[in-house]
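Annotated domain 'Major facilitator superfamily (MFS) profile' per TrEMBL: 10-384, in sequence order. If you look up TrEMBL, you'll see 12-35, 41-64, 76-93, 99-119, 131-154, 160-181, 208-230, 245-263, 275-292, 298-322, 334-354, 360-379 marked as transmembrane segment.
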Amino acid sequence: MQTPQGNTRVLILATLAFAVCFAGWTLFSPLAVYLKTEFRLSSTAVGLLLATPVLLGSIVRIPIGVLTDKFGGRRVFSVLLFFGFFPMFIAGFAQSYGFLLVCGLFFGLIGTSFAIGIPQISQWYPKEKQGLALGIYGVGNIGSAIATFGGPFFAESFGWHKVFMIYSAPLLIMAFVYWFFSEDAPRPAQVKPPTFGDKLKVYKSSNLIWVFCLFYFMTFGFFVTFSLWLPSYFKDFYKVTPVKAGGFTSIFVFATTFSRILGGYLSDRISGRRILIVLSTTILSILIFLNLDVSFVTALIVFYLMGICLGIGNGVVFKLVAEYFSKDTGTVGGMVGAAGGLGGFFLPIILGTIKDYTNNYSLGFIFVSLICLICLSFMEEETIAKMHKKVANAA
């Protein structure tokens, strides 16, 4: 059977659906100040509220990826969007912290959406175009900016309760749009849908999966961490106002998000291993440099450079997943996506703890530098070649 040469409609719909889900998934963050005041929450309670959707949405990416490989992205994405509508809408009626926490637990499931689009899109595109296509899909991360800008605006205009109802509407609309207008790449007639047992065997097939998990833990985890950290860092270290700090951080988010496209484009043309080596080395150098006493403008430049590197890295990792595990992209992509989500969950907590105990950011930069070094240690050509051979033998 001939490999499909692409499907622009599916790519656009998947990217829009991912953006809608990502906006809802991160909606607690821009509303935290209103919720803290409304329910008189401690910082710990706010932290738990913010973490609940992120943690669940990360872990459940693993079974969602398996389901996508088995039933197809159109069905799984449509069902996820449809059922994600209800807890998001109901959260608008919350009168207690506990009720809101339960709603957050359930609409956290829409954070699994990334693991659905990866296999669906990769099946529509040949290997030489997968990187760019997956990079475009990754732009759906812009949903966090939609939540960041829109959430406070709607909260000030209509009250925070209405914000959940407003953001639930696109989920329901997109569920029907995706069901009727998206489609899955045709499967060869002789190929039977794999069983769950068949899909889970891939986790034992190669250690390369865990290398990709480690890199995405770094690239996506750092992206989430610095998105949360930078406003406080700019305010504490450079005495920038909260509004300006948020504006400067949003540029970091945009730089990281849109550079995923560049990462996918480059990985279609250059060895992904070489790109990851350059990116890891650059990020490591930046983190070491930030321990010096640099001016605010210099700090902005190097942070934005790091954001671009992280975005490129995000795009490269999933291009490699689709390249090495073409038959199990959803299953492997779900695991890799979960690793990235866990990085975004644990790293801010760890770095925040370091900041609380040391009252500076330097040790935090040193800690994340060590993660870069660990990633680099797995990038020897001989190591990758051995892992690749094992994948080929298992296929």
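Including glycine, each Cβ sits where the backbone N, Cα and C put it.
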Please work out which recorded stretch in 41-64, 76-93, 160-181, 298-322 has the most C-beta pairs separated by under 8 angstroms from the transmembrane segment (12-35)?
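Answer, by Cβ pair count: 160-181.
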Would you kindly check 131-154, 160-181, 334-354, 360-379 and say which stretch has the most C-beta pairs under 8 angstroms to the transmembrane segment (275-292)?
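Top-ranked stretch among 131-154, 160-181, 334-354, 360-379: 360-379.
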At an 8 Å Cβ cut-off, counting only pairs 6 or more apart in sequence, do the transmembrane segment (131-154) and the transmembrane segment (76-93) clear the bar of 3 or more pairs?
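The transmembrane segment (76-93) and the transmembrane segment (131-154): touching, no.
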Count the CB pairs under 8 A between the transmembrane segment (334-354) and each of 76-93, 99-119, 160-181, 245-263, then give me the winner.
99-119
Near the transmembrane segment (41-64), which residues from the same chain, at least 6 beyond its ends, have a CB less than 8 A from one of its CBs?
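The answer is 25-26, 28-29, 32, 35, 76, 80, 97, 100-101, 104-105, 107-112, 114-116, 224, 334-335, 337-338, 340-342, 344-345, 349.
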Same-chain Cβ contacts of the transmembrane segment (360-379) under 8 Å, 6 or more residues past its ends?
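Counting only partners 6 or more residues beyond its ends, the transmembrane segment (360-379) has Cβ contacts under 8 Å with 211, 214-215, 217-218, 222, 225, 233, 237, 273, 276-277, 280-281, 283-284, 287-288, 290-291, 347, 350-351, 354.
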Could you name the stretch, out of 99-119, 160-181, 245-263, with the greatest number of CB pairs under 8 A to the transmembrane segment (76-93)?
160-181
